[in-house]
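Q: Below is the structure I would like to discuss, written out as structure tokens.
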Amino acid sequence: MMSSAVCRLAPSPTGAQHLGNARTFLIAYWSARAQNARLILRIEDIDSPRIKPWATEQAITDLRWLGMDWDGDPIVQTERSPLYDEARNQLMDADRVYPCSCTRRDIEAAASAPHESEASGWTPDAPVYPGTCASWKNGDPLPEDKPFCFRFRMQATPDRFFDRVHGEVACNPIQDIGDFPITRKAESAADCLAAYQLAVVVDDIDAGVTEVVRGDDLILSTFRQLQLYEALGHSPPSHAHVPLVTGTDGRRLAKRHGDTRLSHFREQGMPPETIVRWAAKSSGLCPDSDAALSERTLDQIHQQMIDRFDWVRIHRQPTVVDDFGSTTD
């Protein structure tokens, strides 16, 4: 019997899915099935300038190749603009957003260089906005002479949440993050299309998502989204930020680390069981000493991980990959 929990797989078709993506999706999948949750597939294609036309179909193929399934048809962000516009208007009425015509160069020139916050230990993931346009109030005229986006007003109250992998995490939202854009730039409000931060919150609210699983490079994004949930009048889901898969240089996987695309391994004839076994062991869900894992079928491996699933088993440290194809069983 399906529970009331709702989880999601949310690939972004900005390129090929790689080993790091696979492990995060597998952990999310095992957690969802362990809860008997409804699992949705959402295609996060809102960042249209970076979207690759072939990447959506390939991502779905990759997920199915690894033995994952989901409930219902895929949800596609680019088909949901009216929902995002409605949420933006709600935020405007509450004076939680304002138009901003600053360029990235303007922001970098006005803001101090990214630094480690003495208050919380975070290194900002983008230049902290200095508030140049923040004096705008709802009802003031919109900019007419240059493109603008809508920027969300962060509240100064210190933010914290419990992460299922890392425990309690906290930040100073003004010092570590600052006001952030919820739309892309355009010449008019009607043409300001939703950006990632707003879209994912609206989508999760609409689907009733109760658990979000993603890489721990997105923890600062979670602080942004927690304030969006509050401003839109909804309680947030629980969060689990899993460690990244990195190269030997400590940086997350990229082309410089060799070809770690799932499609590459599939084309080379690697069985999906190899990747799923690696994800099970490297995540901490399955001990390295479990030699019997190599004898199990794909469905059997999935069922074992679903039966064993517990967030306390998930490692907190990144997994380093070096020449994956030659080091796996």
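Including glycine, each Cβ sits where the backbone N, Cα and C put it.
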Q: Of 67-71, 162-166, 252-256, 262-266, which range does Swiss-Prot call motif ''KMSKS' region'?
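A: Range annotated as motif ''KMSKS' region' by Swiss-Prot: 252-256.
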Q: From R23, R64, R214, grab the residue that Swiss-Prot records in the same L-glutamate site as R8, L9, A10, P11, S12, E44, Y196.
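A: For the L-glutamate site that includes R8, L9, A10, P11, S12, E44, Y196, Swiss-Prot also lists R214.
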Q: Cβ neighbours within 10 Å, counted over all protein chains: which one of the binding-site residues C102, C133 has the most?
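A: Within the set of binding-site residues, the most crowded position is C102.
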Q: Compare the C-alpha of R8 (L-glutamate binding site) with the C-alpha of each of the binding-site residues C100, C102, Y129, C133, K255, and give the closest one.
A: K255
Q: Using Cα coordinates, what distance in whole Å links E44 (L-glutamate binding site) and K255 (ATP binding site)?
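A: Cα of E44 (L-glutamate binding site) to Cα of K255 (ATP binding site) measures 22 Å after rounding.
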Q: Suppose we draw a 10 Å sphere around the Cβ of C100 (Zn(2+) binding site). How many other Cβ atoms does it contain, all chains included?
A: 24
Q: Given the binding-site residues C100, C102, Y129, C133, K255, which one's Cα is the least distant from that of A10 (L-glutamate binding site)?
A: K255
